[in-house]
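*Asks:* Found this in TrEMBL, in case it helps:
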- 158: active site (ACT_SITE)
- 345: active site (ACT_SITE)
- 365: active site (ACT_SITE)
- 1-11: compositional bias 'Basic residues' (COMPBIAS)
- 12-28: compositional bias 'Basic and acidic residues' (COMPBIAS)
- 50-62: compositional bias 'Basic residues' (COMPBIAS)
- 602-634: compositional bias 'Acidic residues' (COMPBIAS)
- 644-656: compositional bias 'Basic and acidic residues' (COMPBIAS)
- 678-691: compositional bias 'Acidic residues' (COMPBIAS)
- 96-424: domain 'Calpain catalytic' (DOMAIN)
- 1-62: region 'Disordered' (REGION)
- 602-691: region 'Disordered' (REGION)
């Protein structure tokens, strides 16, 4: 729930190697000790046995992994075809692949920096993988990516590397993200999950390195290598340690730096990767659904262990963090740690196991060093000869490699936030609806009612409802004018109270979600948006056509503080008998129950109107028939077709006077409420004004301060997806999309 994690490993080694005893790693994790086996002689041969095997095959669960959508197959096939085509072209031209869209050598500045965000380090040179490594290999022998291969570089993307470590703990998952490659030509294809679904990213094999060319060395440095350029090239400019950013644990693995580069291309530049949440990076890698679970909010820690953490690498993944700790006053330059753990930094949860009555969590620091030094840390007093025997079961060995063991109670005590990402199998589907939403003027009381979504669930199913902000990492260097959080409630149409309400979001979260089982039917998701910005009355009202006035200096300009105070005062003033109602709309929040009741009354009114219209149509249909079947003239002498057009125009005019905006497809439905779609056409009698359909690029470059983008995604464990429509409602108009 905390701020983005983006701590870079300190240059100075934080912990000396203490010469701890080593223990062999074992590829078998048996959390419950030796498995009991029973000998039975009741198995029959023949058809019965075959039937049993058939039934067992039917009961076999579908494996979770990458979220299977219609875009996944397209993205994979597109990536493979693109890599194959480009590799073929390169061989015909006798060239290695150079990515014109993300060229580190000839377009270095754009690849490194954003509009207002700049990468701190860019290295001294750019080299190809084949120049850096003598025998490069994408994955290690055996082809399996492991968390031990991940080491953070000089970029604050610990959250992403923790995501890689977490995902690599799930067998075969990383290999599915790296779709295609031709290492000889130097082309690699990856897939990532975004708001619109799976996308394809193609890169070349050039990477930033820290070692300068021989010619850039001073005489003293050249003397170290006996002024031998070949010696310098072979000794100093080879191996993963020369890379500026992330590298693999072994000298020849390349999947880590190349996957990091692909992620940078996905989001525009390396600077845009600085800081983030591990859960959101795991979402990008898998298509799963992320949540932040504050440890101090857990009601039953035993239940959390059994229902959640013990299922790591089965159908969910975890990471953890806590906020940075303030430096002591007498040493403000220091970075305090908690027994080897650092705040503002992301750690991957690799495994969880319960052995001999104790619960253990195995974690990893993406720095590849600096571990937990408390109880059950490498070489601690808890590791008696008897307990050392369980190390193979934990798949752990001692050494300053970034991997460490914590007891469950210490894990909960030291980490404030747990990131959890649910993974899906192919039995799940998703439907989504995205809207640009006008936000209420500030200051004002946050309230339900302006934004809602109608969701139709075709059949009873396990469901996950996700409300998400637009993923703006690719253009986040365009500074936001305000931040906002949200809450949402799910209501079954016809009911007067919510089924469930989400927990409060944080300004740094990309989404919030609710996990529940829904019966077939219609539901409304009501959304409340809570803004936060600094207020400046003199500037906020400078465009108003009113005489200038003096505004007081705001002691605390935060809009959330002022809005709360104004709401409290208006609520108190409303008790007076002669209260004039000023501020009722802006500063009195409407309860969710009142919003639901308003909708129920509106639905009932619209239903009554529809019944009346049907009765009128039935009573008047017979008199309008003509024996000849030709157009019937109206009282005005015009053909019926023309009269119908006039009638439509009249209805449109009538709708406008009633505060409803008609549109070309004015039949969209929200629940049982028939409301119109806004008309994009704008009447403009002035030839001097600019064409309203033309948008200046400078307007796009500047984020607006009166709107937000939100999307509702509904995941259902059924092949029939939900149907979603969004609704924006104000005092004088209702829009349905």
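Heads up, the Cβ atoms here are built off N, Cα and C, so glycines get one too.
Give me the lay of the land around each of these features.
*Replies:* According to DSSP, residue 158 (active site) sits within a helical segment.
In three-state terms derived from DSSP, residue 345 (active site) belongs to neither a helical nor a strand segment and is classed as coil.
Neighbours of residue 365 (active site), defined as other CB atoms within 10 A of its CB across all chains, total 29.
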*Asks:* Once the DSSP letters are reduced so that anything not helix or strand counts as coil, what is residue 365 (active site)?
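*Replies:* The three-state answer is coil.
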*Asks:* Across all the protein chains here, work out how many other Cβ atoms are within 10 Å of the Cβ of residue 345 (active site).
*Replies:* 27
*Asks:* Suppose we draw a 10 Å sphere around the Cβ of residue 158 (active site). How many other Cβ atoms does it contain, all chains included?
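*Replies:* Residue 158 (active site) is surrounded by 28 other Cβ atoms within 10 Å.
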